[in-house]
Amino acid sequence: MNVYLSDILTACILFPVVAFLITVPYMIYQYRRRGSVPKLHTAIVYSFVFYLTCAYFLVLLPLPADRTAYVAYAATPQLVPFNFVHEFLAETTFSPSDPATWLRVLRDPYIYEAFFNVLLLLPLGAYLRYYFRRRWWQALIIGFLVTLSFETTQLTGLWGIYEHPYRLFDVDDLIQNTLGAMVGFWLAGPAMRTLPDLRTANLRAAEAGLSASVTRRALSFALDSALTAALAVGSIYLVYRSGLVAAPIGAKATAAQALEATTAQISDALLPARLCILIALVIVFFIVPVVTRGRTPAQALLHLRIVRTGARRASWYHYLARYGLLFVFIWIPWGLFTLLTEVGGSSIGSEAGTLATFASQNTEACIAVLAVFTVAWVVSLIVRGVRAASGRAPFVMLNGMLSRTRIMTESGLAAERARLSALSVDDVRKLEQLIAEGGISLASLMRCAGEAVADEVRTWAGGPVRVCVLTGSGNNGGDGWVCAESLARSGYPVTLITPKTAEELTAEPARTEARSSLKRTLEGEFPLTVAVAPEADDAARALDEAEVVVDAILGTGFTGSSLREPYATWISLANLRRFKGPRGKGRGAHRARTGKPSKRASGTTLRDRRKDAPFAVAVDVPSGYSAQAATWADPCFCADVTVTMLAMKPGLIASGAERFCGQVKLAELVDTAPYREKLG
Ligand SMILES: NC(=O)C1=CN([C@@H]2O[C@H](COP(=O)(O)OP(=O)(O)OC[C@H]3O[C@@H](n4cnc5c(N)ncnc54)[C@H](OP(=O)(O)O)[C@@H]3O)[C@@H](O)[C@H]2O)[C@H](O)CC1
Ligand SMILES: [K+]
């Protein structure tokens, strides 16, 4: 037992080093993948790395005393499956009828080692299911491969570092470890009902990723600076190595020679080095942004972009102003400080020039300027930092203010540009007509719209989960039919709820799409459950079972201030599921049966959604919400994400829209620019 504890202690000591090494790659990965670094993911990933470190140390430590150590018991691999059972039965005094022998079993090495072997990979199985979203057979393969890596490392004496195997390659270990991974996998299932939902965390991370956080920008600047340093050092090395210029102090110079070199001589010889640094700076902070239209190398890596205020594209002189000012700001206090310290130390002579002479004559004044500059800079940094932290304003650097440039995330920029180019509902209809006249039929627009929603569901779910698509009788419902077919084809179990049969729909192209989709499912091309005008209880059951609810009831065609049946009931049920959970016994069940929303359900913000609430996606606009006027009916569908078609609409960008729309994503469907021009 003490051996195990000491291995875990070694892992604890080494873990900070491992954590340090993975932090930057981990952050880059999260910024690229999810838009921000979610705390939940970070806690899980670092705990997983800690667990793996412990597991490997438990398996690999202690190491043999020296390279040639021969461990007799490990020399021949044990390849008989379940050998430990035979050994245990042969040696044990265990008797089921004698309780006095029961405790002894637990102390038997064959039993407790088997128990620890199972325990060792139990967390791996749990992580594979909960965090990595693997299926059981994938967990089985990964569990087996990990344990195989343990055993082979032992068999090969740490891949040849030691001449002989130092632990026994035992096939029973493979069986017990893999079993452990599977037990962990199965235990994770029920545990996941209480563990936080990672998919919701992903959603929040994407939302947070709309703005360029200070950490993300600081990381990008640090990476760019590291690249600049690497470029500068590399080129300085090449320049001096090539012999084109003399090194400041020759490699073979004696200490006396080095001391004899005057400051001016050193300064002259350093000029090429300074030029190399300047060129590296220009490449990273000017040439690359010009070529990539607003991204330094690290900004490209972290999906950031330099823009002008108002999300407009910046030009070369904006990059020059932004980074020129930044480096001037960094250089002024540093230069002044160097000048003053050199003057103080009298290490420069008359060669230092007029600036140094001035500094030596006005030391107090220079110190005062330096102090004022530093204090002003620190105070303004704190003020801007506090304002940013309280969410009142994005963090803007002084050079950004003066050059009228900002750093935005790619997703934030897309959202801002979509917001700025919002169209009224009437204009969207005109745009639709112009596109149709241009040769792209409304039916193909509808197919693109349905696919865009299906993609959103796939991104969130990461694998087939049960989906309920609520459709109305207009073209918004048509989008729902396309989405349902697309998801069903990808293996998602989908129930589509419709107020009328496909035949009875009147809106085109919704009717044609619904009819052909129904025909294909009846011909067995893909499975789709269609419920026509179901009873409230049946609709509630479908919603209870769903992990995703797609709202394709009403879009821009919604009129009036209230919803007619059956839509009001469906939406109430969906919102109840969202805020109150599945129907159980008691009051919630009654409300669900009557379809009447509680006060809380109709007035609750998105932050109050239940942890296990289904992912709610609204097609074009949440049903009951006016895309034009930003008014809403009671009930009104509450979405996590709204996928809106062709253009943003005024209601979706109005303040408070988030309560019903969640995060609004634009699906442009086609390149709308030429049609927007015609729109005038
Ligand atoms: N913009 C695009 O590129 C595309 C959009 N598409 C989708 O089409 C809808 C707009 O479709 P439309 O058919 O014009 O309208 P809706 O489907 O939103 O709604 C029409 C039905 O709604 C009923 N309605 C209206 N108000 C109420 C109410 N208060 N209560 C209940 N029912 C209501 C109305 O019923 P009537 O009895 O009044 O006729 C209609 O049946 C758009 O949002 C996009 O999702 C296409 O995909 C093409 C591309
Ligand atoms: K809708």
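Glycine is treated like the rest: Cβ placed from N, Cα and C.
Just so you know, TrEMBL annotations never went through curation; they're auto-generated.
The feature (6S)-NADPHX binding site is assigned by TrEMBL to ASN475, ASN476, GLY477, GLY478, ASP479, TYR567, ASP620. The secondary structure of ASN476 ((6S)-NADPHX binding site), as reduced to three states from DSSP, is helical. Other C-beta atoms found within 10 angstroms of the C-beta of ASN476 ((6S)-NADPHX binding site) number 27, with every protein chain shown included.
Annotated K(+) binding site per TrEMBL: ASN476, ASP551, SER623, in sequence order. Residues within less than 8 Å, Cβ to Cβ, of ASP551 (K(+) binding site) and separated from it by at least 6 positions along the same chain comprise LEU470, ILE571, ALA574, ALA616, VAL617, ALA618, VAL619, PRO622, SER623, PHE637, ALA639.
Taken from TrEMBL, the feature compositional bias 'Basic residues' covers 581-599.
Annotated domain 'YjeF N-terminal' per TrEMBL: 428-677, in sequence order.
Residues annotated as region 'Disordered' in TrEMBL: 581-609.
The transmembrane segment annotation in TrEMBL covers 6-28 (among others).
The feature transmembrane segment is assigned by TrEMBL to 40-61 (among others). Cβ atoms under 8 Å from those of the transmembrane segment (40-61) belong to residues 4, 6-8, 10-11, 14-15, 18-19, 22, 26, 30, 34, 120-121, 123-124, 127, 130-131, 150, 153-154, 158, 167, 196, 198, 201, 205 of the same chain, restricted to positions at least 6 beyond its ends.
Summarising the annotation, TrEMBL assigns transmembrane segment to 110-132 (among others).
According to TrEMBL, the transmembrane segment annotation covers 139-162 (among others).
Annotation source TrEMBL lists transmembrane segment at 174-195 (among others).
If you look up TrEMBL, you'll see 221-240 (among others) marked as transmembrane segment.
Annotation comment: TrEMBL describes 271-291 (among others) as transmembrane segment.
According to TrEMBL, the feature transmembrane segment maps to 320-341 (among others).
What TrEMBL lists as transmembrane segment is 361-383 (among others).
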Out of ASN475, SER623, which has the highest number of nearby Cβ atoms, where nearby means within 10 Å of its Cβ, if these are the binding-site residues? SER623
Using a Cβ cut-off under 8 Å, which residues of the same chain at least 6 positions beyond either end of the transmembrane segment (110-132) come close to it? 4, 41, 44-45, 48, 51, 55, 58-59, 84-85, 87-88, 91, 138-139, 142-143, 146-147, 172-173, 176-189, 191-192, 195, 198
Farthest-apart CA atoms of ASN475, ASN476, GLY477, GLY478, ASP479, TYR567, ASP620, residues recorded for (6S)-NADPHX, distance in Å: 17
Per the Cβ filter (under 8 Å) with a sequence gap of at least 6 from its ends, the transmembrane segment (174-195) is approached by 81-82, 114, 117-130, 134, 136, 139-140, 142-144, 146-148, 150-151, 612
Same-chain shell around (6S)-NADPHX excluding ASN475, ASN476, GLY477, GLY478, ASP479, TYR567, ASP620, C-beta within 8 angstroms of the CB centroid, reads THR471, GLY472, GLY474, GLY480, ALA510, ALA552, ILE553, LEU554, GLY555, GLY557, VAL619
Counting across all protein chains shown, how many other Cβ atoms sit within 10 Å of the Cβ of TYR567 ((6S)-NADPHX binding site)? 22
Of the listed stretches 139-162, 221-240, 320-341, which one has the most C-beta pairs under 8 A with the transmembrane segment (271-291)? 221-240
Using all protein chains shown, find which of the binding-site residues GLY477, GLY478 scores highest when you count other CB atoms within 10 A of its CB. GLY478
